[in-house]
Structure formats: structure tokens, C-alpha cells
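Colleague: Below are the C-alpha cells for one structure; questions will follow.
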Amino acid sequence: MTVAAGIGYALLALGPSLSLFVSVISKKPFLILTLLSSTLVWLISLIVLSGVWRAFLPLKTTAWWPYGILILSSVGFQEGLRIVIWRVYKRLEDMLDAFADKVSKPRLFLTDKMQIALAAGLGHGVAHAVFFCLSLLTPAFGPATFYVEKCSQLPFFLISSIIALAFAIIHTFSMVIAFNGYEEKNRVQQLFVPIVHLVAGILTLINLASGGCIVGIPLLYFMAMLTLMYCGKMVLRRLTENQRSQ
Amino acid sequence: MDRNPRPTSILNSLGEEIIRIITPVSICMLLVVILVSILNDDSSSASNLSSSMTTIATMAYSEDSSDSIGDKLKGALLNSLVFVGVITVVTFILVLLFYYRCTKFLKYYMGFSAFLVLGFMGGEIALFLIQDFSFPIDCFSFVLVLFNSTVVGVLAVFMSKMAIFLTQAYLVVIGMLVAYWFTLLPEWTTWVLLVAMALYDLAAVLLPGGPLRLLVELAISRDEDIPALVYEARPVTYNDSVPRGSVIQRRVWRDRSNIGSEGDEIANSGSNPNLNANSGLNSSSTVGTFLHVGSDQNERNLVHAEEGRVSGGDSQLTAPLIERRISVQMHLQEDAASGENLALEGIGLGSSGAIKLGLGDFIFYSVLVGRAAMYDFMTVYACYLAIIAGLGITLVLLAFYQKALPALPFSVMLGVLFYLLTRLLLEVFIVQCSVHLLMF
């Protein structure tokens, strides 16, 4: 539906990520590099998943459980990858600290570590939005639009942008929670992230039912808000503790 | 306010040079993608041109959409072989010219080719755009504006005294124009050509008889810079504890140590004479690229650079007591034109800590992404990430190996791999999930 609509859909999915990028990430070059690498990692995970599932696609059944298995396997794989990312990050942190000692600058502050986690999460969120929403937006720049039968109240592009926004929020902030959980060895936080991811993925299964998206999308946003608030509380607590101990 | 301002963390400035070189590469790729998507619809004027183009790259075989896959592959291979052959010959001619110190000739030839690229290629693309958007402009104003911008471009590329932003902008524009013309080649030819150029680059830089390696060794032994079209990123300024004006060292191959002369000033791209020849519309650019770490020792400082920390493009922060910068020079050789033109470029960390990147990399990365844009935008994103990853890997390897390394292969191989994987595997998966509104 014209260029304006296309750009609108793109900004809907990526708006908050863009403002996060401009205000926080673009100031520090290392964070931009972190963002690019985590986007790449997400893309690679997606390619691996699609390689595994290629033989079974396109799924011709209308039953929901093959899709359920698809979502479960994908989320499981990506959460496993998150642990790998954490290990790599630990090694990187040691290297950075050693480097900081060599140039006689202070070691990484707490805010630095959180910013790196934020950049990594934002990379995941941006990758999700780009590959699940933006790459399909090309027809939206033309004169027509497209509706899906299961959810015919809104154009398909609008729905996918809204879902992509919710997932971008979830991905961005769950990485911060996860990194903090692995560092503090906090079980609750460590388990919070995979569970939220899984629940969010399963919630999209509701969209398979006719008219399901009216229920599914608000629930998805509830999960996103939950992640956001949990992350905010945790960050606030850690920063005040840090402040007090200094 | 704090009584003691907090010392700045290393995160503030780490990785700045890499970003300063990734940004123009990304901008060039973005411009080519936009041009390709605007100008390559079926109804536009550029599509007529692409089907009738005859260049060196399509000499052996002109692709027809009705040929079988085997035929197309064979034809594309033939085309690429012809092209790489021509490039090898021209590169050897360049080595010969450089050997006989014809640098003035090379400089003027580069300026001339920059004029051709900006004037004729740029003019033609501007005409396509005007046609497609029905932009009202009369031909006198058009010629005036075109001529002026071309002349400014030639001066910006040629002279060292221009504002650096202008030089950078014009170099990106030149890269974009040449890359766009490459995307007009037929599809199979383009992909096989990219792979062939990556392999040629590998051979030309690493094999003992390779032309690029000879060129680098000549340049090092004479302590001159290869005349080339080079993009220089703005130098990074630090207000940290390290006093600037530190002694600059360039190290050669890690075992030799030359006592350099005024090599520091020459290291700046400003005084790099430009060598880029482009003889017109039917031009094909070739790029051999390689990374090379070179260093010389300044007369004032005879300390051997064995243990100095490798900056490798990651950071220019040096330890306070050891003031040395190891400049990394990666040279890219670009050959742009229908046969006798050669453009040599260099990537390097010059004496001021600025990264210099040759134009050939810009062009070939943009060709890859532009070709991916002709299929779909998903491949564009995937190929972009792959190319950036390749560039990062190359920089890391360069910091590690400290010798001349080719810059094109990693990015092109990863780009082609990701293109194929995305097109064959990822697209079906994503479309399936998205159409059912299933996301994770």
C-alpha cells in the first residue's frame, strides 16, 4: 500500500529498537559490533533450524501439533545458543579486562556489562524483526495489500509488525536478564528467560485458530510488558546495590 | 556532580576504527540496493540496457534465460575465465609501469578514469532516474550540474587538500556507480565472476609469483606507496593519557627492519596518487585485494617492533610507556575498465591512525549485495551480515598473521554461501511460519 505504508510498517516493528540504537548503542562502537555479531548469530541459528526443518516443509496439515513441535525445537535451540553466547561473552570479558589493565584504564563497569547485554539482546530483537517482518514487506511498498484468512481484521503486514515489535522487546530485555542471572547464579532469572521465550512462542500458536489473533496478540504484549518490568526491577536493584557499595 | 569525574571506560572508544570503515561500506551497499530496487523494475529504462550490454565480462557467452543450467554454468565459467585473464594481464602491466616509475602517468590515468566514471556512468544513471521519475529538468542545467560535480569529484579524489568528508563521499559515489554497472551483468555470470575474483585475489596475493605480491614488495623495497584509489576514514583522536605525536612505526614482514624516511607522510592517503582507470561504459572492474601489514622504522626510533602490540584495526590505544603504532596496510588492487585500466587501492592504518580502505572492496561487496537485492530483501540482509562478518574475520586474521592477506575471499565466500542458504532453506521456513503468524 504505497511507500508510506511500507515505511510505516517497518518503523512500527523497529521503532523502539531504532531509538534504543540511536540513543545508547551508536555512541559506543564496541556495542555496534556486539549488535552486528549477535544479529549474525541469530541468523545462523535460523539457517540451521530451517536446514533441519526443510525436509518437512511446507507443512500441509492443519493440525496444530506439527507447528507446536516446530516452535518448541526452535525455541529450545535458540535458548541453548544463549548459553553458548554467555560463555563466549565471559571469555570476551576477561580479554577486555586484561586489555584495560594493560592500558591502565578501569575495568568494565557494571553499566558497561549491562550495555553489552542490551546490545546483544537488541541484536536478537532486530534480527527477529528484520527476518520475520521486514523481509516480507516488499509487496507492501506496492499498490495493494494482503490479508490472512485466519485473522482478517487487519492487513497481514500490520499484524506481523505488531508481533515483531513484541518479540523485539522480549528478546532485547531477556538477554539482559539472562546475563545477569548467569553472572549472579540466580536460578529464577536463569529460568525466567527460556520460559518467557517458550510461552511467547506457544502463544503465537493461538494465531492458527480462526480469529485467534485477537486473543493471542494482547497476551503476547502482556509477556513483553512482564519481561520489561522484570528487567527494569532487576536493573534498578543492581544499580542501587552497586551505588551503595561504592 | 562528582568531585572526581569518572575515568572513561575502555568501552567508549574500543573498536572505533572498525566502525569507521564499516559505516561507509554499509552506506555504499545501501545506495546500491536502493538504486537496484528503483531502477530494475521491468518497466524502467535500465532493464533495456542490461540485456544488450556487451562488455569484457560477457564476451565469451551471453546468457539467455532459456538456456539449461549446465549451459549457463559453462558459459558463466568461460566469461569469468576471460575476465580474470584480462585482469591478470593488466595487473602485470601495472607492476611493470610501477617498476619503471611511471607514477605520473598512472596518476593522470586515475584522474581521467574518475572523470569518466562520475561523468558518463553517473550521468547515465542520473538520466535513468530522471526518466523514471519524470523529473523536470532541462538539458543545459543538467549538463552544468553534472560537469561541475564531476570536476569537483576528480579534484576531491586527486588532490589531498580537499575536505576529507568530500573525498570520502566522492569515493563512495564512485564505488556505488561502478558496482551498479556490474549488477547489470547476467545473473550466473555475476556470481561465478565474484567467486572467480575472490580466488584470483587469493592467488595473486599469496602465491610467490602473484602480481599483487610483487607490487607490494616493490612498494616496500622502495618505501613508496602504490598509487591507488583509497578511502581514508577520519583519523581517530584520543584524549587519553597517551601523548600523541608518538613515533610511528611501520614494520615490514616482521623480520626485516628498514629505516624509513619520510614514510609517515606518504602513508596518508592524501598523498597517495590515485590510480584508477576506467575507459568508459563498457567497463569491467576487477579487484584483487589483499591485506598487508607493513611497517617501517622511523629514523628517530630504532627500536625493533617485535613485541609491540598489534593494533590490527581493533584499537589504537597504546600502553602509556610504549608509544608505537603498528600500521596495518592492506592493499586492494582494483582494475576498472575494459582492459587497460587498473586501479590500485590500499587499506591501511596510516600514520595518523586512520584506516584506509581501497575502493575495490566497496565495489565487489556492493555488487554481491546488489545482486542479492535483485532476488529478495531477505537475501540482502543475510548477505550484508555475511560480508560484515567476513570483513571482521579478515581484520582479525590480519592482526594475527601480520602479513599480506587477501581481503576479498572471506566476505565473498561467506556472502555467496549465505545467499544460497537463504534462498534455498531460509525463505521457505520463514514464509511458512509468517503466513501462519507463528513467530519465535
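The backbone N, Cα and C atoms fix where each Cβ goes, and this holds for glycine too.
According to TrEMBL, the record shows the following:
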- A:6-25: transmembrane segment (TRANSMEM)
- A:30-52: transmembrane segment (TRANSMEM)
- A:64-85: transmembrane segment (TRANSMEM)
- A:116-137: transmembrane segment (TRANSMEM)
- A:157-179: transmembrane segment (TRANSMEM)
- A:191-209: transmembrane segment (TRANSMEM)
- A:215-236: transmembrane segment (TRANSMEM)
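Surface or core, plus neighbours and distances: that's what I need for these features.
Modeller: Long-range contacts of the transmembrane segment (A:6-25) within the same chain, counting only residues at least 6 positions beyond its ends with a Cβ under 8 Å from a Cβ of the stretch, are 31-32, 35, 115, 118-119, 122, 125-126, 129-130, 133-134, 137, 140-141, 157-158, 160-162, 164-165, 168-169, 172.
Non-local neighbours of the transmembrane segment (A:215-236) in the same chain are 114, 159, 162-163, 166-167, 169-170, 173-174, 176-177, 180, 189, 192, 196, 199-200, 203-207; each lies 6+ residues outside the stretch with a CB under 8 Å from one of its CB atoms.
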Colleague: Give me the stretch from A:30-52, A:64-85, A:191-209 with the greatest number of Cβ pairs under 8 Å to the transmembrane segment (A:157-179).
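Modeller: Against the transmembrane segment (A:157-179), the leading stretch is A:191-209.
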